[in-house]
Amino acid sequence: MGRWEEYKPEMAMIGLQFTYAAVALSTRTVLLQGMSPRVFVVYRQAIATIVLAPIAYFCQRKKPGTALGMRSFSLIFTASLIGVTLNQNIYFEGLYLTSSSIASAMGNLLPAITFLLAALIGLEKVDIRSLSTLAKIVGTAICVSGAFCIAFMKGPKLLNTEFTPQQQQNSVIAHYFSSSVTIESPNNWMLGCFLLLGSCVPMSASYPNHLCLSAWMCFFSTLQSAVVTYFLEPNPNSWRLNSSFEFLCALYSGVIGSAFSFFVQAWCISLRGPLFSAMFNPLCTVIVTILACLFLHEELYTGSLAGAFAVVAGLYIVLWGKAKDFKKIQTTTVSCNNVANDDADSSKEVVNIVIQESLDEDIICKLDLQEPLLQSKQ
């Protein structure tokens with residue numbers, strides 16, 4: 001039993017990849033059936049808010065003293081607008097215009113894009129002589145090259161005919177950038193790939209209570225997405241759920257895809273670190289690709305497949321470089337602690353020696369002063 005306890009984080013992350021795959025496949029299905037991507041985002045975030053808010057409230061009562069100030073409010077609101085509302089809307093637009101397997105493959109670009117942006121704004125130290133830095137640079141280049149390969153080099157078709165309805169598209173962005181009325185246009189495919197690439201831009205906020213942070217971000221993103229959808233979806237019928245399957249997909253995506261996955265991923269990261277979590281992301285791509293070909297009859301192209309492999313390979317190269325940096329930081333921290341402990345031990349020895357050497361003098365002084373101090377005036 002103890003052996004299974006050791007592998008609990010690995011089993012949890014593998015199970016989490018299956019849940020992510022189910023979210024991608026079910027969402028792709030309801031979008032192809034006619035549900036608006038923007039309406040789906042509103043329902044997903046609203047359901048996640050309903051699930052997380054009560055849990056965050058009761059946890060907050062046990063840990064008072066973390067009130068939300070104006071500065072924190074502004075940062076969380078901005079992070080919700082860019083990192084959730086904008087991110088989710090363009091991601092599901094890209095998912096609708098491309099395929100679930102391509103959307104899953106593009107998600108592996110996040111560590112490489114994070115390194116690239118951090119290096120540009122000076123948050124990441126770039127040392128060309130360091131092997132870890134070279135690995136991150138090469139891995140980022142491979143990831144980006146793979147993403148462009150997916151977008152521009154579809155190549156010959158390997159499997160299936162894509163299950164895409166011959167009807168007017170639901171993508172507002174494609175409507176403005178393309179004259180085609182269906183989502184089968186190559187221009188719409190490339191547009192979808194660029195939207196997925198844009199959804200990989202990282203954005204986060206800092207708050208002492210991570211559970212409250214998630215609840216606030218879900219709440220703000222629900223309001224923001226509702227406002228955006230109100231202006232982009234003038235038809236009130238677009239808000240209507242036409243089947244129980246659409247409701248179940250929104251419910252599953254909000255409860256499992258947002259709320260439940262937060263707990264599992266936060267628990268795994270607390271035990272093994274963020275690199276451990278990112279290592280399992282390509283597994284979701286494999287699961288989605290296989291199931292999408294079997295159940296959704298999605299097209300699989302040689303160029304897209306090669307680009308997906310390049311993205312995954314670049315991801316692991318970047319993660320290897322980050323792991324080397326993390327190990328170097330740990331080694332430096334341990335060395336500094338050891339030096340500090342040695343210095344502390346040395347100072348203790350010196351103090352002890354001084355006390356031992358001056359012990360006789362202290363006794364003499366006390367003996368000399370004892371009589372005058374105890375003498376009373378006659």
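Cβ atoms here come from the backbone N, Cα and C positions, even for glycine.
A TrEMBL annotation is a machine prediction, not a hand-curated record.
Keep in mind that this is a model prediction, so the values were computed, not measured.
In TrEMBL this protein carries:
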DOMAIN    12-150  domain 'EamA'
DOMAIN    209-319  domain 'EamA'
TRANSMEM  12-35  transmembrane segment
TRANSMEM  41-60  transmembrane segment
TRANSMEM  72-90  transmembrane segment
TRANSMEM  102-122  transmembrane segment
TRANSMEM  134-153  transmembrane segment
TRANSMEM  189-207  transmembrane segment
TRANSMEM  214-232  transmembrane segment
TRANSMEM  244-264  transmembrane segment
TRANSMEM  276-297  transmembrane segment
TRANSMEM  303-321  transmembrane segment
Over the span of the domain 'EamA' (209-319), count residues by DSSP class, listing helix, strand and coil in order.
95 helix, 2 strand, 14 coil
Could you give the mean pLDDT over the domain 'EamA' (209-319), rounded to a whole number?
85
Give the nonlocal contacts of the transmembrane segment (134-153) in its own chain as ranges (CB under 8 Å, at least six residues past its ends).
102, 105-106, 108-109, 112-113, 115-116, 126, 128, 189-190, 193-194, 197, 303-304, 306-322, 324
Proximity of the transmembrane segment (41-60) to the transmembrane segment (72-90), 3+ C-beta pairs under 8 angstroms:
yes
Below 8 Å between Cβ atoms, which of the listed ranges 12-35, 72-90, 102-122, 276-297, 303-321 makes the most pairs with the transmembrane segment (214-232)?
72-90
